[in-house]
Amino acid sequence: MLTKFETKSNRVKGLSFHSKRPWILASLHSGVIQLWDYRMGTLIDKFDEHDGPVRGVHFHKSQPLFVSGGDDYKIKVWNYKMHRCLFTLLGHLDYIRTVEFHNEYPWIVSASDDQTIRIWNWQSRTCISVLTGHNHYVMCASFHPKDDLVVSASLDQTIRVWDIGALRKKTVSPADDILRLSQMNTDLFGGVDAVVKYVLEGHDRGVNWAAFHPSLPLIVSGADDRQVKLWRMNDTKAWEVDTLRGHMNNVSCVMFHARQDIIVSNSEDKSIRVWDATKRTGVQTFRREHDRFWVLAAHPEMNLLAAGHDSGMIVFKLERERPAFSVSGDSLYYVKDRFLRFYEFSTQKDTQLISIRRHGSTSLNQGPRTLSYSPTENAVLICLDVEGGSYELYIVPKDNTGRGDTVQEAKRGIGGSAVFVARNRFAVLDKTNNQVLVKNLKNEIVKKSGLPLTADAIFYAGTGNLLCKAEDRVVIFDLQQRVVLGDLQTPSVKYVVWSNDMESVALLSKHAIILASKKLVLRCTLHETIRVKSGAWDDNGVFLYTTLNHIKYCLPNGDSGIIKTLDVPIYITRVSGNIIFCFDRDGKNKVLNIDATEYVFKLSLLKKKFDQVMSMIRSSQLCGQAMIAYLQQKGFPEVALHFVKDERTRFNLALESGNIQIAVASAKEIDEKDYWYRLGVEALRQGNAGIVEYAYQRTKNFERLSFLYLTTGNMDKLSKMLKIAEVKNDVMGQFHNALYLGDIRERVRILENAGQLPLAYVTAAVHGLPDIAERLAAELGDNVPSLPEGKKPSLLIPPAPIMCGGDWPLLRVMKGIFEGGLDDAGRGLHEEDEDAADADWGEDLDIVDVDGMQNGDIGVVVEEGEVHKENDEEGGWDLEDLELPPELDTPKTAVNARSSVFVAPTPGMPVSQIWTQRSSLAAEHAAAGNFDTAMRLLSRQLGIKNFAPLKSVFLDLHIGSHTYLHAFSLAPVISLAIERGWNESASPNVRGPPALMCNFSQLEEKLKAGYKATTAGKFTEALRLFLSILHTIPLIVVESRREVDEVKELIIIVKEYVLGLQMELKRREIRDNPVRQQELAAYFTHCNLQMPHSRLALLNAMTVCYKAGNLNTAANFARRLLETNPTIENQAKTARQVLQAAERNMRDATKLNYDFRNPFVVCGATYVPIYRGQKDISCPYCTSRFVPTQEGQLCTVCDLAVVGSDASGLLCSPSQIR
């Protein structure tokens, strides 16, 4: 039993399938009728007018109607489109058990507890016949699908068959008058429209259900005696054929299956039973835990059943309808009706090959589930669900082209699933041991292989490979090498479809499609609300798949769409161009033609095959809002332009693709303020000043126009704008224009005219116009404003524009394939633009009216000083006299821009990128600003992990290898890379390495300074200098191999000093531990220092030990000091005195962790000796040695690298790489 849909609700008493739509009605014990879409799993509607339980419900075959009958004695007819009850039929006197429409006539039959059956005409809304005769509740009544019969079942233990032939004749309304007269008589005196044909007795208890066979003269009934009985009838009599026993409680409902030779019954014993109608034996039983079954319904056209129970209903299929098939090249092998068949796609020829064994098992769903084919051996492997999963292997005879009657003895075995993995090898899944058995064609095990995950199915994945599926993931497993080649998280996969080239795979689950590469690298995932049924790849790499009601496509990037709507589901076997080969639900091969234009077009766009896109645009009728939106979304607005006729959409697309010419043409057509404004914004973005000007003129946007002239430095037109503002009497506009022009006298005059005398006075006084200031002061009298003391005024003059006049230079762009190829389509448009261009917009066009002025000559008006009021002007301003300099004929250049566009040099690769591409030296990466790669290089070469001390060097290197130039005002600063060793004869195209601010000679200077500080006893200062050398060396670059050796030598020298000084500073900190003080002083003498510093260290150690009473150790230091032949007499004298004192008393007061006879190195972290032969680890950069416990810690000497980490070594010269 394959459950397709389940609901949870009150007890379901009545069910009815819609004949065409995926709908089912369920009437509930609570009085509600629910309308469900079982395909989508959604509740569409609820009808709630009955009072009490509704026991019967039925859809009309063709009208948007259904009928219901309930315990309120009412029959209601509903229109589901109008969501309401149309009318109620009254007449029954007790509960109504069932209601049903007739297939052809406008009749409803109803059965009731009032012991009658009524037939109603739902068009005239009257009862046309009452069938009486039962003497207990009538539990059900239904029409025969073809004949004029009604069958009814009653608790009086009988089934009655009624003949309603007379009723049909009466309905057909004969023309014969005599007949009509006799009909009147029967109407008046009670006629016999329906007569009992047979009474079937045989049940011992009340009968709950009786039903006709759809085509044979059979009746099936179920009763409270727990039996299902089969009856046969002929023209004269009816008799009992057989009894089916097995239910444990009252049988509620029983029916014949429309497509198979079976009977389905359900019962209050909580089970549904399936019986073989010919053998009359039980085939299968489906049980529920707690719910009694009450009703069954069958779909009139599809292989679907529904059952209602105590807590809802289920829609189910008894058997899987998907045929087992396998595609191989041009052929298809599949199983149908227990035959293996072969179908050739090219000729569409279908051949029967061999017969397949019938299974002894009586249960349903034991047919072949999957099929695998080996073309070279002509072998077929069929998997079944028999015995919990088994397979059968057939070898198809090469010459067998006949009827295929031969029954071949198959090689059989048990296994979850079986597939061919090579020419003559197949793999069988052994679920119990989670392993795969590889077998040969003799069915012998050749090899066993454990699986990397708990697999519940295996699929073919190329020769020798298996795709193993678990609940939430799939893996590709190589059987030879026993390795996992790919792994992917997925919902539970049902089917696997490989592309022809085996490069891509589609994994189909119940509601999702996952496309992946052959190594299971995810490409995209699609989710469907409706069940996915099948799929196949087409030749272009597009995956076509079917759901219950659509054929859809999925592109490699995850874009999907609908190709065709389906009435019934199909199973795709192959896609070839515009043809889909598929199975229907009956297992018949079908060929469908589809329109592939949409997905081929999208695929061409995706793969950038623009010539193909072009030809499709020209030839096909691709259009519609969806396609335009798709092109826009994918960044091809210029392509979308060629589909669009609507001017507003054209305008939007033209702006989006930057096509100013088409935008101008559309704006002219639309001629609305908002569109001109948006055109202006886009033209401004492109730097097309002429069109910006034109757009502002069309919208009379004087403020923006003035500002445009200011930014483009067009002073002539600005002064004209000032005059226009005067004509319009726009004081604010006048003032702004005067401000933009930097015309102080004009500003003073405007302020004075506007009555702002104090402001006018201040402006004149500040800008050094004493004559005007005095005149205004006289007018103001006592109200002269005071100017602030001690403040220096600055002149308010607009800045000089970066570029004066003209359009901004545009890069030369090759005509796109779409513009070039589609120019014919827009030819008319372009000609219109040419005319617009010749009209020379900025000048003698009808640019704008000042509130209705037409083509008057503003120059004349202004010169004569006749600034009229607006309402008595006849003419108007029309910028006819804006004599533009020749280079300002902007729109013309814009339209024909292709010929005279500034061609910018093609940008080369940034120097910093060249530096990093060529170099493995960290310093050069840092100089280029690529700090992260520099850090990675240092980490790899020297094991450096702590980059904090290097931060300042990194920044210095980067800043030091660039210089910065000012271009002109308001433009950003330009940075230039400085190259090492550049000279004038160098080729301009050859880039040298970066100039670096750190060099080796600087380090030598620092070393000398460090020595000096050490001699002077300034240990903290000396330590800082030596550490700074250690922190610079990783980012130093030298030229020769000799210098590389010097750098490495410098690291060793500096490291010794850093370690020694750190110990000496530590010694000075610990005053309270004389033993540790002596040890540290002693270790200091073993650091490899310059001779003067060594002597000082020995003298220091000798003094410390002597004072502490360790005379023997002090004598050792004195001896070593004298061996160095000290040049300073005082040092030698002290040493000799210590020796003499020690010889008198050769003993040590305290024992030290110090053995001068045994060679050792000092641990850089713990400052303890590591004697020869003891284990130690070192820093990969500064080579300091440490005790093993320090591994993985930061080196305390250089403070950069990690102790004991792997590193390739210092790289500081190009010569090392060569």
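Every residue gets a Cβ built from N, Cα and C, even glycine.
Curation plays no part in TrEMBL annotations; they are all automatic predictions.
When the ranges 5-32, 845-872, 1069-1096, 1125-1152 are checked against TrEMBL, the one recorded as coiled coil is 1125-1152. Per DSSP, the repeat 'WD' (47-88) is made up of 0 helix, 23 strand, 19 coil.
Beyond the ends of the repeat 'WD' (244-285), by six or more residues, the same chain brings 1, 205, 208-209, 211-214, 218, 220-224, 226-230, 291-296, 298, 300, 303, 305, 307, 309, 318-319, 362-364 to within a C-beta distance below 8 angstroms of the stretch. The DSSP breakdown of the repeat 'WD' (89-130) into helical (H, G, I), extended (E, B) and coil residues amounts to 0 helix, 24 strand, 18 coil. Across the repeat 'WD' (131-164), the DSSP tally of helix, strand and coil residues reads 0 helix, 20 strand, 14 coil.
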